[in-house]
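Copied from Swiss-Prot, the annotated features are:
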- Ile24, Arg25, Gly66, Lys69, Thr70, Thr71, Glu132, Asp133, Tyr134, Arg175, Tyr185, Arg222: ATP binding site (BINDING)
- Thr70: Mg(2+) binding site (BINDING)
- Arg314, Arg319: DNA binding site (BINDING)
- 4-185: region 'Large ATPase domain (RuvB-L)' (REGION)
- 186-256: region 'Small ATPAse domain (RuvB-S)' (REGION)
- 259-337: region 'Head domain (RuvB-H)' (REGION)
Amino acid sequence: MIEADRLISNSFESRDDEVIDRAIRPKLLNDYQGQDHVRGQMEIFIKAAQLREEALDHLLIFGPPGLGKTTLANIVANEMGVSIRTTSGPVLEKAGDLAALLTNLEPNDVLFIDEIHRLSPHVEEVLYPAMEDYQLDIMIGEGPAARSIKIDLPPFTLIGATTRAGSLTSPLRDRFGITQRLEYYKVDDLKDIVQRSANCLGLSMEEEGALEMAQRARGTPRIANRLLRRVRDYAEVVGNGIICSDTAKKALDMLDVDSSGFDYMDRKLLLAIIDKFMGGPVGLDNLAAAIGEEKDTIEDVLEPYLIQQGFLQRTPRGRIATHRAYLHFGLDIPEAR
């Protein structure tokens, strides 16, 4: 099973869905819902950079997938009135790949590197002087005849995005002047996002319908927008085209997304811990084998939301299903763990 197979995964279902997602993304901070602390700070930092007519300081954005790191990077570029170049850590295989991007930037432009924790060490070393001194050190030739030349770069803003801030090396992390963590969204903020997206798509939707999707979206805008598109399909084919609470509930139940936003993989993981390992603790290797899933997928995709919502604990001895997990499935809570 791969993440893209899940309706509530954080990858895009299709190229069309990705195009729609980009179309409904907010373009400016005024349209950016939720993350109030991030929005407030970025407004100040951007205005200060504009007053000084400087490039914004380098920005690191981290947090779980689907919370809007790419959206925020594009908003920063729009607010600064500059262009943005987008790439990702795995794509930058050689130092020359990075050099080609840096030398084509205009003054104060934004270079956005997604999955920046996956940069190769050699490429990362080239990035250090570029970030710190706006200079590019290039080696010409090989062996004893090799020599280093320096190329001046225009001032620019590097925006790095990662779901694994702890995987960044200290030298790279320390070169970011601004660090922002994106948190899971509140239900009210997600409801506003769903309503805004529905308006962008020209859909008829009642507030209760938006609330139903927000409650099942796992605190994640990307999932909320995906649920909206699938509920729209259901409303147009089975209903009268209007997304009300009842229509949203029936559509989401049909899609096997329950009231807590769990799908069959979430339930499979929790029930495996409860039924096969007596509630835990269970090690990651055993859990992965029990549910037939990759360890990285469990750690990066399945567990974060379950832990954040209090259904799962990650301890030194292994994973433990909490009392809340037992209650979710209508099971008796064991007397002793």
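Heads up, the Cβ atoms here are built off N, Cα and C, so glycines get one too.
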Query raised in the report: If you count the C-beta atoms lying within 10 Å of each candidate's C-beta, which of the binding-site residues Gly66, Glu132, Tyr185, Arg314, Arg319 ends up with the smallest number?
Result: Glu132
Report task. By Cβ count within 10 Å, point out the most packed of the binding-site residues listed: Ile24, Thr70, Tyr134. Result -> Thr70
Report summary line: Rounded to a whole number of Å, the separation of the Cα atoms of Tyr134 (ATP binding site) and Arg319 (DNA binding site) comes to 46
Query raised in the report: Do you know the DSSP helix, strand and coil residue counts for the region 'Small ATPAse domain (RuvB-S)' (186-256)?
Result: 50 helix, 4 strand, 17 coil
